[in-house]
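Asker: Copied straight from TrEMBL:
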type: DOMAIN; residues: 18-291; note: domain 'Homogentisate 1,2-dioxygenase N-terminal'
type: DOMAIN; residues: 292-394; note: domain 'Homogentisate 1,2-dioxygenase C-terminal'
type: ACT_SITE; residues: H304; note: active site, proton acceptor
type: BINDING; residues: H347, E353, H383; note: Fe cation binding site
type: BINDING; residues: Y362, H383; note: homogentisate binding site
type: DOMAIN; residues: 459-566; note: domain 'Homogentisate 1,2-dioxygenase N-terminal'
type: DOMAIN; residues: 567-721; note: domain 'Homogentisate 1,2-dioxygenase C-terminal'
Amino acid sequence: MDDKTESKCPDFAADLVEYQSGFGNHFSSEAIAGALPKDQNNPLVCPYGLYAEQISGTSFTAPRKLNQRSWLYRIKPSVTHEPFKSRIPHHEKLVSEFNQSNSSANPTQIRWKPVDTPEAPTDFIDGMYTVCGAGSSFLRHGFAIHMYNANKSMDDCAFCNADGDFLIVPQKGRLWITTECGKLQVSPGEVVVIPQGFRFVVDLPDGPSRGYVAEVFGTHFQLPDLGPIGANGLAAPRDFLVPTAWFEQRSRPGYTIVQKFGGELFTAKQDFSPFNVVAWHGNYVPYKYDLSKFCPYNTVLIDHGDPSINTVLTAPTDKPGVALLDFVIFPPRWLVAEHTFRPPYYHRNCMSEFMGLIHGGYEAKADGFLPGGASLHSCMTPHGPDTKSYENEREFKYIIAAAKQGSVKARQLAAQLIPRFFKYFPKLAEEAIDQHLNLGADEDRGARSYHAKQVHLPLQVSPGEVVVIPQGFRFVVDLPDGPSRGYVAEVFGTHFQLPDLGPIGANGLAAPRDFLVPTAWFEQRSRPGYTIVQKFGGELFTAKQDFSPFNVVAWHGNYVPYKYDLSKFCPYNTVLIDHGDPSINTVLTAPTDKPGVALLDFVIFPPRWLVAEHTFRPPYYHRNCMSEFMGLIHGGYEAKADGFLPGGASLHSCMTPHGPDTKSYEATIALGNEAGPQRITDTMAFMFESCLIPRICSWALESPFLDHDYYECWIGLRSHFRREATDGRSSDFQNGKRK
């Protein structure tokens, strides 16, 4: 509470501001205890004689899960003001209705340098100007990209945007933002969202400030769906901060409300502060987020992920997966993809991309793209790394190395890249040409081998590959190497499909092109007494016929057997902090009718890099509403140091606790926080994960191979808790290592 008489609150100390945390929660806050009404929103007489006022961010009849509104309990209602009038002088550089009279289409790649601090006194309102946009605030569909450059705090006025939500990204200088719900201090590296209709003031505690503003019409920002990333990752809901109630009750004669409406500015006078809200509750609130808390994901073996993997917030359209506006960041992270061009790829996009830089540099632009600057690559305009970023000697050395000892695929790629780019690296040119000449015969052999594998008539499936035989197909299994063992998953009433990729984008995990389907082959000879064995209702039936069932001369359709080489999987994982959910490694899923819930997921744990810092890298301890059956094809599994062998299996049913064994846990803790990047090699574990609770067959429970001592792998886990620790860490740890 502030009941002093000075014209402005001078206190910009961040440690004096309290926040609530969460995203989309129903929050409540009161600056005076008891100011929130009990049991109802709008009592006849509110506590302390306050007025009840609701602010609605969605229509009254919007679906409940999407409905956004808050109740404000204030000293005077916000309606108490003089009529709005057009603001004089007019702001000539704000646009909300984009048409040929105020903007133009231009497919050229465009870049702007940072602007200088204005010489004349300029506050946030007058320092904001529109750069580009599309659509209409009146039609409630579209967006605008603004930038701001200010050198003074707002004085005796508050701003209200009736057109849409503001997402503000300060690049230089902190912002002290007072809203009707309370105060927010926003520093460069943080972002703040001011929803449509809220009144706010921007003060500049550090003097001049500049940055970026995204505005959306007709929708609100929300967290993106995570798809196979699972339940955790990217921007965590708990890291979003919401203000706590704060109010001032003093008289403010001549106070001005500046309202943005249809892209124009209007003003209205009132004699009190708009920040007279003593208490409030609801889910429609301003909020901020610290970008350093973002948990990034990326490929951890090969190839480059799509930028959507770094989506912080999205403003959706009615079309699933298509955003009116995505807010995407490129934070500090590890790049570990092998045999891969690591900067962002060259691209033509059906989406338009506006980029800014808060600090540092951007890996795809070695020169010219500066903090405070911006670029625009419109729909289908080609863009990508600049020449200097592309012509990187280290990357070219990787290409030469791939030519020497890479996989067949890597050598094929090197054969294409070396003759195109050796001229840019004179010091490496001779070595590159020699390797290219030596590559020819080897490349031909690789191509012939690959071709032979493609046209081989049966489906040849080796350990490390999987095959799907759809319901109803007749098939024969031959064993060219003699004895064979493995695992089989069966699903009823659905079929396997590729998982939706969510913010991973268009590429990653199992690529459709890597699934192989057989070509037509037939035999027409007589086969007297040939037997068809049919599984029906769990029982086996037989029928005789005098011909081969493989007499199909030609076929077409999309219902076919197929196989997949697990080594081609392009894994993603966290690349800064925390451990991803295992769903990030989903190869195939058999869905139910409930979105995001699988009858059976086929998940793998392939060779990959682990680079998360300050993180327990093995899989976390877990109780899952899903049931997990695991197998091991070869090598070892990082969460089980002993006992989990190739050809073996484990089952952790719904809500059964599980996680790393004692030896794996202790070995990980002993490494401490100084553990560097770690490449998991010589492994291929997998998991069948189901929403159903499995019943176990009697012969599996009575098997002589059942490990009755499995539970002992966790018995050795001991407590590290020390009550006397005062610094938030257990006292038997120091600097991330055991004493």
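Just so you know, glycine gets a Cβ as well, placed from its N, Cα and C.
TrEMBL annotations: computationally assigned, not manually curated.
Any idea what these are sitting next to in the structure?
Answerer: Less than 8 angstroms from the CB of H304 (active site, proton acceptor) sit A337, T340, F341, R342, P343, P344, Y345, each of them six or more residues away in the same chain.
For H383 (Fe cation binding site), the number of other Cβ atoms no farther than 10 Å from its own Cβ, over all displayed protein chains, is 18.
Counting only residues at least six positions away in the same chain, the Cβ atoms of F330, M355, F369 sit under 8 Å from the Cβ of Y362 (homogentisate binding site).
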Asker: Using the CB centroid of H347, E353, H383 as the Fe cation site centre, which other residues of the same chain sit with their CB within 8 A?
Answerer: P344, R348, N349, H377, T381, P382, G384
Asker: Validating a neighbour-count step here. Other CB atoms within 10 A of the CB of H347 (Fe cation binding site): how many?
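Answerer: Around the Cβ of H347 (Fe cation binding site), 14 other Cβ atoms lie within 10 Å.
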Asker: Looking only at the domain 'Homogentisate 1,2-dioxygenase C-terminal' (292-394), report the model's average pLDDT.
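Answerer: Taking every residue in the domain 'Homogentisate 1,2-dioxygenase C-terminal' (292-394) and averaging pLDDT yields 88.
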Asker: Among all the protein chains here, how many other CB atoms are within 10 A of the CB of E353 (Fe cation binding site)?
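Answerer: Taking all protein chains shown, E353 (Fe cation binding site) has 16 Cβ neighbours within 10 Å.
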